[in-house]
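Enquirer: Take this structure, written in structure tokens, and hold onto it; I'll ask about it next.
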Amino acid sequence: MGRPDPEEGQLPAPVKPPDGGWGWIVLLGCFVITGFSYAFPKAVSVYFKELMKDFHVGYSDTAWISSIMLAMLYGTGPVCSIMVNQFGCRPVMLIGGLLASAGMILASFTTNIIELYLTAGVLTGLGMALNFQPSLIMLGTYFDKRRPLANGLAAAGSPVFLSSLSPLGQVLLEKFGWRGGFLIMGGLLLNCCTCGAVMRPLDMGMKKKMGKAQDKYEAKEMLPIGGKSEEGISTTDGTKKGKKVKKKPKKGKKLLDFSIFSNRGFIIYTISKFILVLGLFVPPILLVNYAKDTGVPDTEAAFLLSIIGFIDIFARPACGMVAGLKWVRPHVAYLFSFSMLFNGLTDICSARASNYTGLVIFCVFFGISYGMVGALQFEVLMAIVGSQKFSSAIGLVLLIEAFAVLIGPPSAGRLVDALKNYEVIFYLAGSEVVLSALFLGVASYCCLNRGKKEPPPENNPTAGAGSDTEEAESDVQEAEEHSSDNHQPAHSTDNAVVVASEEANHVAEEQRGEGGGCPAGDGEVLARDGCNADQMVERDSF
């Protein structure tokens, strides 16, 4: 099932991201998961009018369905981080797909609004959360140089699904009612299980490649020669393994790493995202009912979300390509701040739109700005904390944002019920988004520029991953060179092994001279007259 080593978390050893290959399949899975996770809570808003009639509740009550979905998506972040670090991405995503589907299927049989909260809200939201976060983690492990583009393409799943699910929901509502629509939607969510099945851990391919080369090397060196060759192989192999064992404690991964709160960039990002989420989701959730209240037919009102989705489809990959440019990527936080400012001003300027043409213009500009925000939000977080700490960072960020999700849309719904005026809601939501943009830009400039002498957090894990990969690849190459010498006489192989043994002794003497002995437990391995036989590492653990 792709379960990682429990001692070392999601990635047992840092492996250089391939930036392609199977990563494109992972990207496709992340595209689908992102589409369901973000578009589904908005798409169910087409059922709200019927739910209000059947359950005799107000709009604020039905708005809680979308809010609970988003709150579960965000609030269960730490739980998802712990599960991913313990069990791996694939099994967690498979369980999440089943939960999401079961929630919508059970929701089709509910008889009151509370049951709907527990099924469509809690259960489906939890299932989508168990899919969304692991998919982003896998995307970050498969892409590095092309990561901004990959994030943009994966984020494009949200508008694609939004432009599809909203009209589909309207058709299902007209033909089957809201209960039949929920049942069919539950069947569609089973596709999340398929996406989870393709999330193959990155380190498996490297381990298999190194294992095959090591087997060839051992078979060649051990069979034709006696005890001397075995001794040399043990020494050289033990020396290489000693290096790996020495680094192993540093690669250990906590179930939830709270040390990221010492990163000033992470604190600034978290605060700005909390303010952003207060108003970001309010306009698309209220848009359909706002259009219906102004006299727009139901089908055309649902089509407004499709316009946002269509524009968003092109905005996200385009923004990802721009963010990947060499002169833009170091300043991606400021680009993210600009995108939030653009989105907030769009809400404010479009607050007085009172006809269908004005709403269409609003949807065009909102789709562009919303796409920019969606493409950059996780790229900025990856750039701040690095790929090794991203699983913990995203869990904690989503937990903090969950409180904003529970405050924003429900409060907007209550204001609509009380004031019967959507203009105030758009002004309020736009002001919150503008405030978050200004805070991120100003705080990043004033606070982070003082710490320019410190290397970016992203460089450390990336550098570590690169060095470890290069060392592993050199070991594989060396082993393959040994295995390709079958045509050489036995005495030449014997000389090669003796030279390898002498090199190992020389390395051991240097380590003894620098370290001043053989400290227990640090994983250093000496030559055949070394400190302790217990420090030798088993070959088959390679």
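Numbers here mean position along the shown chain, with the first residue as 1.
Positions of Cβ are set from backbone N, Cα and C atoms, glycine also.
From a predicted model like this one, the values you see are computed outputs, not experimental measurements.
According to TrEMBL, the protein has these features:
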{"type": "COMPBIAS", "residues": "468-478", "note": "compositional bias 'Acidic residues'"}
{"type": "COMPBIAS", "residues": "486-495", "note": "compositional bias 'Polar residues'"}
{"type": "COMPBIAS", "residues": "503-513", "note": "compositional bias 'Basic and acidic residues'"}
{"type": "DOMAIN", "residues": "23-448", "note": "domain 'Major facilitator superfamily (MFS) profile'"}
{"type": "REGION", "residues": "451-523", "note": "region 'Disordered'"}
{"type": "TRANSMEM", "residues": "21-40", "note": "transmembrane segment"}
{"type": "TRANSMEM", "residues": "63-84", "note": "transmembrane segment"}
{"type": "TRANSMEM", "residues": "91-110", "note": "transmembrane segment"}
{"type": "TRANSMEM", "residues": "116-137", "note": "transmembrane segment"}
{"type": "TRANSMEM", "residues": "181-202", "note": "transmembrane segment"}
{"type": "TRANSMEM", "residues": "266-291", "note": "transmembrane segment"}
{"type": "TRANSMEM", "residues": "303-325", "note": "transmembrane segment"}
{"type": "TRANSMEM", "residues": "332-353", "note": "transmembrane segment"}
{"type": "TRANSMEM", "residues": "359-378", "note": "transmembrane segment"}
{"type": "TRANSMEM", "residues": "390-412", "note": "transmembrane segment"}
{"type": "TRANSMEM", "residues": "424-448", "note": "transmembrane segment"}
Enquirer: Hey, does the transmembrane segment (424-448) touch the transmembrane segment (116-137), meaning at least 3 C-beta pairs closer than 8 angstroms, sequence gap 6 or more?
Expert: no
Enquirer: Do the transmembrane segment (266-291) and the transmembrane segment (91-110) share at least 3 Cβ pairs closer than 8 Å, excluding pairs fewer than 6 residues apart in sequence?
Expert: no
Enquirer: Other than its close neighbours in sequence, what residues sit by the transmembrane segment (63-84), given a CB gap under 8 Å and a spacing of at least six beyond its ends?
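Expert: That would be 10, 37, 40-42, 44-45, 48, 51, 92, 116-117, 120-122, 124-126, 128-130, 132-134, 137, 255-256, 277, 281, 285, 391-392, 394-399, 401-403, 405-406, 408-410, 412-413.
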Enquirer: Same chain only, please: residues at least 6 beyond the ends of the transmembrane segment (424-448) with a C-beta under 8 Å from a C-beta of the stretch. Say none if there are none.
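Expert: Counting only partners 6 or more residues beyond its ends, the transmembrane segment (424-448) has Cβ contacts under 8 Å with 264-265, 268-269, 271-276, 278-280, 282-283, 286, 333-334, 336-341, 343-351, 408, 412, 415-416.
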Enquirer: I need to check the long-range neighbours of the transmembrane segment (390-412): which residues 6 or more away from its ends have a CB within less than 8 Å of a CB in the stretch?
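Expert: Residues 9-10, 60, 63-64, 66-67, 70-82, 84-85, 129, 133, 136-137, 140, 254, 256-258, 260-261, 266, 269-270, 273-282, 285-286, 378, 381-382, 384, 425, 428-429, 432.
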